[in-house]
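K.L.:
My questions will all concern the structure given below.
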Amino acid sequence: MDLIDRISRQFEDSAQTKLAAVEWMAAPIAQAVEMMTASLMNNGKILACGNGGSAADAQHFAAELLNRFEMERPPLAAVALTTDTSTLTSIANDYDFVQVFSKQVRALGQPGDVLLAISTSGNSPNVIDAIQAAHEREMHVVALTGKGGGRIGEMLSPTDVHLCVPADRTARIQEVHLLTLHCLCDGIDCLLLGVEE
């Protein structure tokens, strides 16, 4: 095996996946940017959740909004529901791991807030439960998935936004997810700050 060739193929495959995704995802990403910006401008907040690498993505996104992305601006209201180990373990222990995000959504979510629900397969039970809780709280949902969207794609309401990566390989989906999150951050900043370029 030639490691250099293998690494080169990884880069090429990643680039091709991203280029193929833009045709499907640019318009819904723009819709998600507008939804999130409208919520933030109306004193709403964004709650984000996911498992494993998607949990890291939820935290990354919340950090970019709370601190800053590439432009100076005031902090924005975003909370990753993946970070409080006492809350996560108490819910998982006393109830069920399926409820680790939904209980937080029911406690923190308000009408007009946005839930960013991340699942590469679209089938994560605790993310599905969080979406159901968000709907109960009259929140908007932006779902970031892959592999056809799974059960999440089937349960979204017409007012939700589905950002589904047209790929089946988890690593490639995660790479497009990160780029998508950066596009969301950039778009929110541009709308809030009136950037025209």
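Every residue gets a Cβ built from N, Cα and C, even glycine.
Below, the features straight out of Swiss-Prot:
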- ASN51, GLY52, GLY53, GLU64, ASN93, ASP94, SER119, THR120, SER121, SER124, GLN174: substrate binding site (BINDING)
- HIS60, GLU64, GLN174, HIS182: Zn(2+) binding site (BINDING)
- 36-197: domain 'SIS' (DOMAIN)
K.L.:
What whole-number Å value do you get for the CA-CA distance of SER119 (substrate binding site) and HIS60 (Zn(2+) binding site)?
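P.N.:
Their Cα atoms are separated by 15 Å.
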K.L.:
By a simple count of other Cβ atoms within 10 Å, which of ASN93, GLN174, the binding-site residues in the record, is least packed?
P.N.:
ASN93
K.L.:
Could you tell me which of these binding-site residues, ASN51, HIS60, GLU64, SER119, SER121, has the greatest number of Cβ atoms within 10 Å of its own Cβ?
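P.N.:
Per the Cβ count within 10 Å, the most buried is SER119.
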K.L.:
Would you kindly give the Cα-Cα distance separating HIS60 (Zn(2+) binding site) and ASN51 (substrate binding site), rounded to the nearest Å?
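P.N.:
So the Cα of HIS60 (Zn(2+) binding site) lies 13 Å away from that of ASN51 (substrate binding site).
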K.L.:
Applying a 10 Å Cβ distance cut-off over all chains shown, what neighbour count does GLY53 (substrate binding site) have?
P.N.:
16
K.L.:
Taking only the binding-site residues GLY53, ASN93, SER121, GLN174, which one has a CA atom nearest to the CA atom of HIS182 (Zn(2+) binding site)?
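P.N.:
Out of the listed candidates, the nearest Cα belongs to GLN174.
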K.L.:
Reduce the DSSP letter at ASN51 (substrate binding site) to three states and note it down.
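P.N.:
ASN51 (substrate binding site) sits in coil per DSSP, no helix or strand.
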K.L.:
With HIS60 (Zn(2+) binding site) as the reference Cα, tell me which of the binding-site residues GLY53, ASN93, GLN174 is the closest one.
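P.N.:
Of all the candidates listed, GLY53 is nearest in space.
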K.L.:
Do you know the mean pLDDT across the domain 'SIS' (36-197)?
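P.N.:
Here the predicted model's pLDDT, averaged over the domain 'SIS' (36-197), is 98.
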K.L.:
Taking the Cβ of HIS182 (Zn(2+) binding site) as the centre, count every other Cβ atom within 10 Å, in any protein chain shown.
P.N.:
15
K.L.:
What three-state class does DSSP give ASN93 (substrate binding site)?
P.N.:
helix
